[in-house]
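S.K.: Attaching a single structure in structure tokens format; questions to follow.
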């Protein structure tokens, strides 16, 4: 199995919705999570780049899909954070529709990393994301972020509780703890991404370029 060099990951483009994304080919792994789940920090830690994904001071403001290329035909996709209280209701609904559309229609999307604050896991929208992914036969890795905020015993208890809870989804859902601050769980994240990028079947370009 090829170990990819995530430090070579580079920004490709931002898109407001699925229609503005590049052609639906290769393999994409998306990162999703609530606005304060530490998604940007996880991407920066994974790639060992301090500012690959911008950490926003105003959560919920950047409603764009950001694409990064790890290697030819292998992309990481940073989906906008969801569930931020101060975003207008209409914008929330619009974004949830766009998220659902991306998860259901994007053929090259083959893995989903759902990030949740270990202290507040499995909120309604987190469960919705996992459900969408499982319904679309997309493998899921749940990362319980900010794991350094809990003592070892509490951390294990949360991990076991979430692992138990996701069994109800009846899908390919793995759960691990993660800390950007302590670099904990980074190896497991890289291993999972390597597995997905190496073993999933890339989507080929069709005749009409669709």
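For all residues, glycine too, the Cβ spot is worked out from N, Cα and C.
Annotations per Swiss-Prot:
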type	residues	note
DOMAIN	25-199	domain 'EngB-type G'
BINDING	33-40, 60-64, 78-81, 145-148, 178-180	GTP binding site
BINDING	40, 62	Mg(2+) binding site
S.K.: Within 10 Å of its Cβ, which one of these binding-site residues (33, 80) has the largest number of other Cβ atoms?
M.R.: 33
S.K.: Just to confirm my parser: what is the rounded mean pLDDT across the domain 'EngB-type G' (25-199)?
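M.R.: Taking every residue in the domain 'EngB-type G' (25-199) and averaging pLDDT yields 91.
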S.K.: Using DSSP and three states only, what is residue 64 (GTP binding site)?
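M.R.: Once the DSSP labels are grouped into three classes, residue 64 (GTP binding site) ends up as coil.
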S.K.: What Cα-Cα separation, expressed in whole Å, is found between residue 146 (GTP binding site) and residue 40 (Mg(2+) binding site)?
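M.R.: Answer for this pair: 12 Å between alpha carbons.
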S.K.: What is the one among the binding-site residues 36, 39, 64 whose Cβ has the most other Cβ atoms less than or equal to 10 Å away?
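M.R.: The most densely surrounded of these binding-site residues is 39.
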S.K.: Give me the count of other Cβ atoms within 10 A of the Cβ belonging to residue 178 (GTP binding site).
M.R.: 28
S.K.: Around residue 40 (Mg(2+) binding site), how many other CB atoms lie within 10 A of its CB?
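M.R.: Residue 40 (Mg(2+) binding site) is surrounded by 22 other Cβ atoms within 10 Å.
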